[in-house]
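Working notes, structure below.
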Amino acid sequence: MSVMFDPDTAIYPFPPKPTPLSIDEKAYYREKIKRLLKERNAVMVAHYYTDPEIQQLAEETGGCISDSLEMARFGAKHPASTLLVAGVRFMGETAKILSSEKTILMPTLQAECSLDLGCPVEEFNAFCDAHPDHTVVVYANTSTAVKARADWVVTSSIAVELIDHLDSLGEKIIWAPDKHLGRYVQKQTGADILCWQGACIVHDEFKTQALTRLQEEYPDAAILVHPESPQAIVEMADAVGSTSQLIAAAKTLPHQRLIVATDRGIFYKMQQAVPDKELLEAPTAGEGATCRSCAHCPWMAMNGLQAIAEALEQEGSNHEVHVEERLRERALVPLNRMLDFAATLRG
(Lines of atoms letter the chains of each structure in order from A; the text may use other names.)
(Lines give C-alpha, C1' and ligand atoms only; values in the text may rest on other atoms or scores of the structure.)
Protein backbone atom coordinates (compact mmCIF):
# COMPACT_ATOMS: atom_id res chain seq x y z
CA MET A 1 0.00 0.00 0.00
CA SER A 2 1.37 3.42 -0.94
CA VAL A 3 1.09 6.46 1.28
CA MET A 4 0.97 9.79 -0.52
CA PHE A 5 -0.25 12.48 1.86
CA ASP A 6 0.04 13.03 5.58
CA PRO A 7 -2.28 15.43 7.44
CA ASP A 8 -1.34 13.86 10.79
CA THR A 9 0.11 17.12 12.06
CA ALA A 10 -3.31 18.80 11.93
CA ILE A 11 -4.74 19.61 15.35
CA TYR A 12 -8.46 20.25 15.23
CA PRO A 13 -9.86 22.63 17.84
CA PHE A 14 -12.56 20.91 19.84
CA PRO A 15 -15.92 22.63 20.29
CA PRO A 16 -17.02 23.69 23.76
CA LYS A 17 -18.99 21.09 25.67
CA PRO A 18 -22.75 21.76 25.85
CA THR A 19 -24.00 23.27 29.08
CA PRO A 20 -25.46 20.49 31.26
CA LEU A 21 -29.23 20.63 31.68
CA SER A 22 -31.14 20.02 34.87
CA ILE A 23 -33.67 17.18 35.10
CA ASP A 24 -36.52 19.67 34.71
CA GLU A 25 -34.87 21.33 31.71
CA LYS A 26 -34.37 17.96 30.02
CA ALA A 27 -38.02 17.07 30.55
CA TYR A 28 -39.09 20.46 29.16
CA TYR A 29 -37.01 20.13 25.99
CA ARG A 30 -38.01 16.50 25.44
CA GLU A 31 -41.69 17.39 25.43
CA LYS A 32 -41.05 20.45 23.29
CA ILE A 33 -39.14 18.38 20.73
CA LYS A 34 -41.90 15.77 20.56
CA ARG A 35 -44.47 18.49 19.92
CA LEU A 36 -42.35 20.24 17.29
CA LEU A 37 -41.62 17.00 15.43
CA LYS A 38 -45.36 16.46 15.00
CA GLU A 39 -46.02 20.06 14.02
CA ARG A 40 -43.22 20.07 11.47
CA ASN A 41 -43.96 16.61 10.00
CA ALA A 42 -40.39 15.81 10.97
CA VAL A 43 -38.52 12.68 12.03
CA MET A 44 -35.26 12.28 13.94
CA VAL A 45 -32.35 10.41 12.39
CA ALA A 46 -29.63 9.84 15.00
CA HIS A 47 -26.23 8.18 14.85
CA TYR A 48 -25.09 5.54 17.32
CA TYR A 49 -22.43 7.96 18.61
CA THR A 50 -24.85 10.61 19.84
CA ASP A 51 -25.56 10.79 23.57
CA PRO A 52 -27.95 8.18 25.04
CA GLU A 53 -30.72 10.69 25.77
CA ILE A 54 -30.74 11.73 22.09
CA GLN A 55 -30.96 8.13 20.91
CA GLN A 56 -33.75 7.46 23.40
CA LEU A 57 -35.71 10.42 22.06
CA ALA A 58 -35.29 9.20 18.48
CA GLU A 59 -36.68 5.83 19.55
CA GLU A 60 -39.64 7.32 21.37
CA THR A 61 -40.62 9.49 18.40
CA GLY A 62 -40.45 6.83 15.68
CA GLY A 63 -37.08 7.91 14.37
CA CYS A 64 -33.95 6.01 13.46
CA ILE A 65 -30.78 5.17 15.38
CA SER A 66 -28.19 3.59 13.13
CA ASP A 67 -24.88 3.77 11.32
CA SER A 68 -24.40 6.23 8.49
CA LEU A 69 -25.50 3.77 5.79
CA GLU A 70 -28.84 3.01 7.42
CA MET A 71 -29.31 6.71 8.26
CA ALA A 72 -29.05 7.43 4.54
CA ARG A 73 -31.54 4.69 3.65
CA PHE A 74 -34.03 5.63 6.36
CA GLY A 75 -34.06 9.34 5.59
CA ALA A 76 -34.51 8.82 1.87
CA LYS A 77 -37.45 6.45 2.31
CA HIS A 78 -39.29 8.09 5.21
CA PRO A 79 -42.38 10.12 4.23
CA ALA A 80 -41.60 13.01 6.60
CA SER A 81 -41.01 16.33 4.86
CA THR A 82 -38.33 17.33 7.37
CA LEU A 83 -35.40 15.29 8.67
CA LEU A 84 -33.73 16.26 11.94
CA VAL A 85 -30.25 14.74 11.64
CA ALA A 86 -28.51 14.27 14.98
CA GLY A 87 -24.94 13.60 13.99
CA VAL A 88 -22.13 15.47 12.27
CA ARG A 89 -22.27 17.74 9.26
CA PHE A 90 -21.44 15.23 6.53
CA MET A 91 -24.44 13.18 7.65
CA GLY A 92 -26.73 16.15 7.17
CA GLU A 93 -25.20 16.82 3.77
CA THR A 94 -25.66 13.18 2.77
CA ALA A 95 -29.31 13.37 3.77
CA LYS A 96 -29.74 16.47 1.60
CA ILE A 97 -27.99 14.83 -1.35
CA LEU A 98 -30.34 11.86 -1.21
CA SER A 99 -33.48 13.82 -0.28
CA SER A 100 -33.15 17.19 -1.98
CA GLU A 101 -36.89 17.85 -1.75
CA LYS A 102 -36.84 17.59 2.05
CA THR A 103 -35.85 20.14 4.65
CA ILE A 104 -32.76 18.87 6.46
CA LEU A 105 -32.16 20.33 9.91
CA MET A 106 -29.28 19.79 12.30
CA PRO A 107 -28.88 20.89 15.92
CA THR A 108 -25.74 22.69 14.78
CA LEU A 109 -23.95 23.02 11.47
CA GLN A 110 -20.67 23.32 13.38
CA ALA A 111 -20.60 19.60 14.22
CA GLU A 112 -17.56 18.54 12.23
CA CYS A 113 -15.68 15.27 11.69
CA SER A 114 -11.90 14.98 11.81
CA LEU A 115 -11.97 12.69 8.77
CA ASP A 116 -13.89 15.30 6.79
CA LEU A 117 -11.64 18.11 8.03
CA GLY A 118 -8.57 16.05 7.19
CA CYS A 119 -9.54 15.69 3.53
CA PRO A 120 -9.82 19.21 2.03
CA VAL A 121 -11.18 19.07 -1.48
CA GLU A 122 -8.41 21.09 -3.17
CA GLU A 123 -5.67 18.78 -1.92
CA PHE A 124 -7.77 15.71 -2.62
CA ASN A 125 -8.48 16.78 -6.18
CA ALA A 126 -4.76 17.27 -6.77
CA PHE A 127 -4.11 13.80 -5.34
CA CYS A 128 -6.67 12.26 -7.68
CA ASP A 129 -5.36 14.23 -10.66
CA ALA A 130 -1.92 12.73 -10.03
CA HIS A 131 -3.36 9.21 -10.36
CA PRO A 132 -5.94 9.34 -13.17
CA ASP A 133 -5.86 5.56 -13.69
CA HIS A 134 -7.30 4.87 -10.21
CA THR A 135 -10.91 4.36 -9.17
CA VAL A 136 -11.73 6.86 -6.43
CA VAL A 137 -13.47 5.42 -3.37
CA VAL A 138 -14.28 7.76 -0.49
CA TYR A 139 -15.66 7.00 2.92
CA ALA A 140 -19.03 8.49 3.84
CA ASN A 141 -17.19 10.72 6.34
CA THR A 142 -16.37 13.33 3.70
CA SER A 143 -17.76 16.59 2.38
CA THR A 144 -20.16 16.83 -0.55
CA ALA A 145 -17.34 18.27 -2.66
CA VAL A 146 -15.10 15.26 -2.00
CA LYS A 147 -17.96 12.85 -2.69
CA ALA A 148 -18.57 14.69 -5.96
CA ARG A 149 -15.04 13.78 -7.06
CA ALA A 150 -15.48 10.10 -6.20
CA ASP A 151 -16.50 7.11 -8.28
CA TRP A 152 -17.84 5.36 -5.18
CA VAL A 153 -18.90 6.30 -1.67
CA VAL A 154 -18.66 3.60 0.97
CA THR A 155 -19.40 3.04 4.64
CA SER A 156 -17.42 0.78 6.96
CA SER A 157 -20.22 -1.80 6.93
CA ILE A 158 -19.64 -2.66 3.25
CA ALA A 159 -16.08 -1.41 2.68
CA VAL A 160 -14.41 -4.82 2.46
CA GLU A 161 -17.06 -6.20 0.11
CA LEU A 162 -16.90 -3.21 -2.24
CA ILE A 163 -13.12 -3.09 -2.44
CA ASP A 164 -13.01 -6.85 -2.98
CA HIS A 165 -15.46 -6.39 -5.86
CA LEU A 166 -13.41 -3.61 -7.45
CA ASP A 167 -10.21 -5.59 -6.99
CA SER A 168 -11.81 -8.56 -8.78
CA LEU A 169 -12.31 -6.23 -11.75
CA GLY A 170 -8.60 -5.39 -11.74
CA GLU A 171 -9.11 -1.79 -10.66
CA LYS A 172 -6.48 0.23 -8.82
CA ILE A 173 -8.00 2.26 -6.02
CA ILE A 174 -7.62 5.61 -4.32
CA TRP A 175 -9.01 5.31 -0.79
CA ALA A 176 -9.87 8.31 1.37
CA PRO A 177 -9.78 9.57 3.99
CA ASP A 178 -9.28 7.08 6.87
CA LYS A 179 -5.81 5.51 6.82
CA HIS A 180 -6.61 2.84 9.40
CA LEU A 181 -9.77 1.65 7.66
CA GLY A 182 -7.92 1.80 4.34
CA ARG A 183 -5.12 -0.35 5.73
CA TYR A 184 -7.63 -2.81 7.17
CA VAL A 185 -9.51 -3.10 3.88
CA GLN A 186 -6.27 -3.54 1.94
CA LYS A 187 -5.16 -6.30 4.28
CA GLN A 188 -8.52 -8.07 3.97
CA THR A 189 -8.67 -7.87 0.18
CA GLY A 190 -5.11 -7.55 -1.09
CA ALA A 191 -6.29 -4.72 -3.35
CA ASP A 192 -3.94 -2.16 -4.93
CA ILE A 193 -4.73 0.92 -2.83
CA LEU A 194 -3.32 4.42 -2.62
CA CYS A 195 -4.40 5.61 0.81
CA TRP A 196 -5.11 9.13 2.03
CA GLN A 197 -3.79 9.63 5.56
CA GLY A 198 -6.72 10.94 7.60
CA ALA A 199 -7.81 9.55 10.95
CA CYS A 200 -10.75 9.66 13.35
CA ILE A 201 -9.74 11.50 16.51
CA VAL A 202 -11.64 9.00 18.65
CA HIS A 203 -10.44 5.70 17.20
CA ASP A 204 -6.90 6.95 16.64
CA GLU A 205 -6.52 7.37 20.41
CA PHE A 206 -6.93 3.72 21.39
CA LYS A 207 -3.66 2.47 22.89
CA THR A 208 -2.31 -1.08 22.74
CA GLN A 209 -0.48 -0.99 26.07
CA ALA A 210 -3.54 0.27 27.93
CA LEU A 211 -5.79 -2.21 26.12
CA THR A 212 -3.41 -5.05 26.98
CA ARG A 213 -3.53 -4.10 30.65
CA LEU A 214 -7.34 -4.04 30.56
CA GLN A 215 -7.36 -7.42 28.82
CA GLU A 216 -5.10 -8.82 31.55
CA GLU A 217 -7.51 -7.48 34.16
CA TYR A 218 -10.47 -9.11 32.36
CA PRO A 219 -9.03 -12.19 30.60
CA ASP A 220 -12.51 -13.57 29.94
CA ALA A 221 -13.57 -10.52 27.90
CA ALA A 222 -13.88 -10.37 24.13
CA ILE A 223 -12.51 -7.30 22.35
CA LEU A 224 -14.71 -5.54 19.77
CA VAL A 225 -12.93 -3.05 17.50
CA HIS A 226 -14.03 -0.57 14.85
CA PRO A 227 -11.67 -0.70 11.82
CA GLU A 228 -11.01 3.04 12.07
CA SER A 229 -8.71 2.04 14.94
CA PRO A 230 -4.93 1.59 14.51
CA GLN A 231 -3.78 -1.72 13.08
CA ALA A 232 -2.26 -2.87 16.38
CA ILE A 233 -5.66 -2.47 18.06
CA VAL A 234 -7.45 -4.26 15.23
CA GLU A 235 -5.05 -7.19 15.56
CA MET A 236 -6.11 -7.64 19.20
CA ALA A 237 -9.79 -7.93 18.30
CA ASP A 238 -12.13 -10.88 18.58
CA ALA A 239 -14.52 -9.03 16.26
CA VAL A 240 -13.91 -6.14 13.85
CA GLY A 241 -16.69 -4.19 12.19
CA SER A 242 -18.84 -1.14 11.72
CA THR A 243 -21.09 0.08 14.50
CA SER A 244 -24.00 -2.11 13.42
CA GLN A 245 -21.67 -5.06 12.92
CA LEU A 246 -20.18 -4.63 16.40
CA ILE A 247 -23.66 -4.66 17.94
CA ALA A 248 -24.39 -7.86 16.03
CA ALA A 249 -21.09 -9.35 17.22
CA ALA A 250 -21.95 -8.49 20.82
CA LYS A 251 -25.04 -10.67 20.46
CA THR A 252 -23.33 -13.63 18.79
CA LEU A 253 -20.13 -13.84 20.83
CA PRO A 254 -20.46 -16.18 23.82
CA HIS A 255 -18.47 -13.90 26.13
CA GLN A 256 -20.35 -12.26 29.00
CA ARG A 257 -17.92 -9.35 29.17
CA LEU A 258 -17.02 -7.17 26.17
CA ILE A 259 -14.29 -4.55 25.76
CA VAL A 260 -15.49 -2.12 23.11
CA ALA A 261 -13.05 -0.01 21.07
CA THR A 262 -15.25 2.59 19.46
CA ASP A 263 -17.13 5.71 20.51
CA ARG A 264 -18.90 5.05 23.79
CA GLY A 265 -22.16 6.38 22.34
CA ILE A 266 -22.65 2.88 20.93
CA PHE A 267 -23.16 1.52 24.44
CA TYR A 268 -26.81 2.65 24.48
CA LYS A 269 -27.95 0.35 21.66
CA MET A 270 -25.38 -2.34 22.37
CA GLN A 271 -26.53 -2.68 25.97
CA GLN A 272 -30.12 -2.98 24.73
CA ALA A 273 -28.99 -5.81 22.46
CA VAL A 274 -27.11 -7.62 25.26
CA PRO A 275 -28.72 -6.52 28.54
CA ASP A 276 -27.08 -9.32 30.53
CA LYS A 277 -23.53 -8.62 29.33
CA GLU A 278 -21.00 -6.23 30.83
CA LEU A 279 -19.61 -3.59 28.48
CA LEU A 280 -16.22 -1.99 29.12
CA GLU A 281 -14.73 1.01 27.33
CA ALA A 282 -11.41 0.39 25.62
CA PRO A 283 -8.92 2.91 27.06
CA THR A 284 -7.88 5.98 25.09
CA ALA A 285 -5.55 7.48 27.69
CA GLY A 286 -1.84 6.90 27.14
CA GLU A 287 0.96 6.54 29.65
CA GLY A 288 0.31 10.10 30.80
CA ALA A 289 -3.31 9.18 31.53
CA THR A 290 -4.55 11.92 29.21
CA CYS A 291 -6.84 11.79 26.20
CA ARG A 292 -8.41 14.34 23.87
CA SER A 293 -11.61 12.63 22.78
CA CYS A 294 -11.78 10.16 25.70
CA ALA A 295 -13.79 7.75 23.51
CA HIS A 296 -16.54 10.21 22.63
CA CYS A 297 -16.62 12.46 19.57
CA PRO A 298 -16.79 16.08 20.78
CA TRP A 299 -18.81 17.10 17.74
CA MET A 300 -21.36 14.33 18.29
CA ALA A 301 -21.73 15.69 21.82
CA MET A 302 -22.98 18.98 20.34
CA ASN A 303 -26.30 17.29 19.52
CA GLY A 304 -28.03 18.27 22.74
CA LEU A 305 -31.73 18.52 23.58
CA GLN A 306 -31.74 22.31 23.65
CA ALA A 307 -30.01 22.52 20.27
CA ILE A 308 -32.48 20.05 18.73
CA ALA A 309 -35.43 22.07 20.02
CA GLU A 310 -33.91 25.27 18.64
CA ALA A 311 -33.33 23.65 15.25
CA LEU A 312 -36.97 22.59 14.97
CA GLU A 313 -38.26 25.92 16.23
CA GLN A 314 -35.94 28.38 14.51
CA GLU A 315 -34.70 26.64 11.34
CA GLY A 316 -32.72 29.28 9.46
CA SER A 317 -29.08 29.47 8.48
CA ASN A 318 -27.81 28.08 11.78
CA HIS A 319 -29.65 24.79 11.37
CA GLU A 320 -30.79 24.07 7.80
CA VAL A 321 -28.46 22.12 5.53
CA HIS A 322 -27.98 23.44 2.01
CA VAL A 323 -25.93 21.77 -0.72
CA GLU A 324 -24.97 23.37 -4.02
CA GLU A 325 -27.09 21.67 -6.69
CA ARG A 326 -24.19 21.08 -9.08
CA LEU A 327 -22.23 19.28 -6.38
CA ARG A 328 -25.32 17.46 -5.13
CA GLU A 329 -26.00 15.94 -8.54
CA ARG A 330 -22.39 14.78 -8.89
CA ALA A 331 -22.21 13.39 -5.35
CA LEU A 332 -25.52 11.57 -5.82
CA VAL A 333 -23.98 9.28 -8.45
CA PRO A 334 -21.42 7.52 -6.18
CA LEU A 335 -23.88 7.52 -3.28
CA ASN A 336 -26.50 5.73 -5.35
CA ARG A 337 -23.85 3.29 -6.51
CA MET A 338 -23.16 2.52 -2.84
CA LEU A 339 -26.83 2.01 -2.04
CA ASP A 340 -27.34 -0.19 -5.09
CA PHE A 341 -24.29 -2.26 -4.20
CA ALA A 342 -25.44 -2.59 -0.59
CA ALA A 343 -28.83 -3.79 -1.84
CA THR A 344 -27.16 -6.60 -3.78
CA LEU A 345 -25.37 -7.71 -0.61
CA ARG A 346 -28.66 -7.90 1.25
CA GLY A 347 -30.01 -10.12 -1.51
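Heads up, the Cβ atoms here are built off N, Cα and C, so glycines get one too.
Since we're looking at a predicted model, the values are computed, not measured.
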Same-site residue for iminosuccinate (record: Swiss-Prot; known: His47, Ser68, Tyr139, Ala140, Asn141, Ser156, His226, Pro227, Glu228; options: Thr208, Thr212, Thr243): Thr243
Spatially closest candidate among Cys113, Cys200, Cys297, the listed binding-site residues, to Glu228 (iminosuccinate binding site) (Cα to Cα): Cys200
Distance, Cys113 ([4Fe-4S] cluster binding site) to Tyr139 (iminosuccinate binding site) (CA atoms, angstrom): 12
His47 (iminosuccinate binding site) versus Cys297 ([4Fe-4S] cluster binding site) - Cα distance in angstrom: 12
[4Fe-4S] cluster site shell beyond Cys113, Cys200, Cys297, criterion: Cβ within 8 Å of Cβ centroid: Tyr49, Val88, Ser114, Leu115, Asn141, Ile201, Val202, Asp263, Trp299, Met300
